[in-house]
Every structure is written in structure tokens, then in C-alpha cells.
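Visitor: First the structure, then my questions, so here it is.
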Amino acid sequence: MRSKIVAGNWKMNKNLAETEALLTELAAKLPDTQAEVMVAPTFVNLAAAVHTLDSSVIEVIAQNMHFAESGAYTGEISADMLLNIGIDTVIIGHSERRAYFGETDEILAKKVKAALAKNMRVMFCFGEELDDRKSDNHFKVVESQLKNALFSLEASDWGKIVLAYEPVWAIGTGETASPEQAQEMHAFIRKTITEAYDASIANNVSILYGGSVKPANAVEIFGKPDVDGGLIGGASLVADDFVAIIKAI
Ligand code: PGA
């Protein structure tokens, strides 16, 4: 059975005091929900976030990690460092990592394998750019992103994978994929996984939609049968908006 998930990707926002304040407000306002709720603050505030959410069901997750165990990788963070402060879920492959930090499918495949080797859960992000969609290549691009980073995994690894389809043209732009576009792509993703593995893996993996999800459009997007939740950027920085999105699921 796949789970419903609403995750907030805070990106490079919120200092320590702001992080603690937002998390305290979120924990207090968290509605009753079957969905898993996650937040990804910036690295320097992760340990404090875990502490602040000690008695909350909200899970703190990381925005990124390096594939090496340890060593001379200035500025990087390892899986063990995350596990050591109580974090066992990591976002890998966000389009901003791909676009601004040169993360290729090959690097992402290594990161996914490194996280799984430590028994971490991976929230793997992917999605086409506007030109891909305009030229009708969006299915091909998504298929190759999945294949290059994930399709060499063992079938048993898939229990630790969450997918986040995030069309790049919808991230932070205020432009959202229509619920129909999201559903169409999510169904295509399940079909692609069925062909590479089998229907049970495809049906059991949670596929989140990300890209300008707001309180005003969340109900419609989450209402689609193959959409299992959302990865939320901007709207996750405002407690009332994030709570409204959690209620939508
Ligand atoms: P957005 O970001 O909700 O601000 O569009 C989504 C994301 O980057 O995960």
C-alpha cells in the first residue's frame, strides 16, 4: 500500500530562530491526517529541527547528501551524518541541484545507491523542462531520468523509494501543471515502472507532485488517483498555507 505524503522543501530559507518558530507553529496547527508530513530545512538547522519536533509526528528530512561515506569533500554531508542526528529520509535529484550544481543522472544514481545502502528512504525528484514539454518530449525525458537513476535498483529497494514528479516549468513560477497533466504523467510513470519491474512495485510506490502547489489548487491535484501527495516549496514556508495543503490531502 502506498502512503500519502506531504513534504515541505524549505530550500535555502529560514535561519535558526525562524526554523524553530515555524516548526513550533506547524506542530501546534498540524491537522489530524493519515498522510506522512515531512519538512526539509537547510542543513545547518537540521539538528535543531529534529529537537524542536521531538514530540511531533512531523518528520525532518534532508534536501541533499553526498554519495561518499566520508572524506575530502569540502562542503558536503554524508548519509551517516544525517542518520547520526536522526534523519533517515533524503531528497535526491531536485531540479535545482541538477540545474545549478551540475548533478547528472550518473551522480544521482550514485547518491540513491549510497542512501539505500544505509537503509535511508529516498525522495527522488525528476521532471521535464518547458522546452521538453513544448517539443512533446516530456514523457521521453521523464522515462530516461527514471531509467538512468533508478532502474538498476533491485526490486527490493523500491520499498525505500518515493518519487516526486516536478515539472521544472512549474517550480517557483506560480504556474502549475493542471491536475490532468499531473495525472497523465503519474500514470505514465507507473506504466514505465511496471514495464521495468512489475505492477506491484509500480502500484506501491508513492508518487508526489511538485511545482507551485498552493492551498487553492491542492485539493484538485491530490484528488487525482495516481497523485499520492506533494512536494511543496514556497507554500511550505507559511504555516497556515502548509497546513491547508495537508488538510487537502
Ligand atoms: P514550489 O517548489 O512549490 O515553490 O514551486 C516546489 C519544489 O521545488 O519542490
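Every residue gets a Cβ built from N, Cα and C, even glycine.
Curation plays no part in TrEMBL annotations; they are all automatic predictions.
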Visitor: For the substrate site that TrEMBL gives with ASN9, TRP10, LYS11, GLY172, GLY233, GLY234, which of SER152, SER156, SER212 also belongs there?
Guide: SER212
Visitor: How big is the gap, in Å, between the Cα of TRP10 (substrate binding site) and that of HIS94 (active site, electrophile), rounded to a whole number?
Guide: 12
Visitor: Which of the listed binding-site residues (GLY172, GLY233, GLY234) has the least company, meaning the fewest other Cβ atoms within 10 Å of its Cβ?
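Guide: Among the binding-site residues GLY172, GLY233, GLY234, the lowest count of other Cβ atoms within 10 Å belongs to GLY172.
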Visitor: Work out how many Å separate HIS94 (active site, electrophile) and SER212 (substrate binding site) at their Cα atoms, rounded off.
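Guide: Here the two Cα atoms lie 14 Å apart.
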Visitor: Whole-number Å distance between the CA of GLY233 (substrate binding site) and the CA of GLU166 (active site, proton acceptor)?
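Guide: With distance taken Cα to Cα, GLU166 (active site, proton acceptor) is 11 Å from GLY233 (substrate binding site).
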Visitor: What whole-number Å value do you get for the CA-CA distance of ASN9 (substrate binding site) and GLU166 (active site, proton acceptor)?
Guide: 12
